[in-house]
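Remarks on the structure that follows.
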């Protein structure tokens, strides 16, 4: 037993020396006295002390409503949608725009990389929603439109692709007050969710349900849409957030508390170690507040105040912060606002923000956020991942901090 413990300590020290980086802390997790794995935890303080503006992408000449990030093979891409009616694709490594899609006839509100097309057809495809009442799919390599979804009676704001079935399903929220569920393969509308009393700004699929006994990722596949208890979250101009059962097409929880439009609402994720994981909803509103909700109790957990203008985006972050008050590390969320700041908050405390990043004076607001994991080559051709923060601004530039 003593020998095992000594070997565990030595291995831990070796892992620490091999992976040392001032931006992370390393914790060793043991079970039954045996070393099982080393986990890197990103510390917010280190990020705040060392972060700076790294890259700027210019091309949009109006507000960037949404961004998404993905790695395909050895390539790293950002896509963006803007009030200038365009969808653009950016090569992160080479810091340049590589594609422009201008087929939409109105504002582009949301963009997403399509996992369905990548896993099933090895194509790099983006889907986008617009005030022209359509959702369109774009093939980056062939520079062409693949599909178009029509069915909503008004502009389409938020869209999301299912965490299950590798993005086989898409949900959309519209100014027509409805949410629709689509089959990406057939382009057919499967369900219409009715209940909101005003425009639906944002939608989000519940995350893949964890299954510790299933290591082949079969839990990502369900046979019938609506199976396995998956839900959709939506935020609306009617000041409510609703959780919808996909199978019954009915709201199961309605959150009330915001005093203005809800602009951003997202499920938590067990992958980030968020307290409560998939049982939490994070929201940002035109009432300048950020709120955290418990799905199980239907109650508000926390409210965060400090922004001086509308909150346009909220994100769960991969960072933690040492908190003496709680005696352990606690999770961190962040928000972007038209006050031109990004603010970080302790998920367990509604006190003043932990840290703030001010946008460039030309940005005119932080409209969307995305944490991205960049890979950089080191000596010996070894790749190392770095967490960065990307945001889209009110005047068009897209910037990466880290």
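Using N, Cα and C of the backbone, Cβ positions are placed for all residues, glycine too.
According to TrEMBL, the signal peptide annotation covers 1-19.
In the predicted model, the repeat 'WD' (57-100) has a mean pLDDT of 95. For 57-100 (among others), the entry in TrEMBL reads repeat 'WD'.
What TrEMBL lists as repeat 'WD' is 101-148 (among others).
With a cut-off of 8 Å between Cβ atoms, the residues of this chain six or more beyond the repeat 'WD' (149-192) that come close are 106-107, 109-110, 112, 114-117, 119-120, 127-136, 198-208, 220-222, 225, 228, 230, 232, 234-236, 244, 246, 249. Taken from TrEMBL, the feature repeat 'WD' covers 149-192 (among others).
Per TrEMBL, repeat 'WD' is recorded for 228-254 (among others). Within the same chain, residues 158, 160, 162-164, 171, 173, 177, 179, 181, 191-193, 195-206, 209, 219, 222, 260-267, 281, 283, 285, 293, 295, 298 sit at least 6 positions outside the repeat 'WD' (228-254) and bring their C-beta atoms closer than 8 Å to a C-beta of that stretch.
According to TrEMBL, the feature repeat 'WD' maps to 255-303 (among others).
Among the features that TrEMBL reports, repeat 'WD' is placed at 321-355 (among others).
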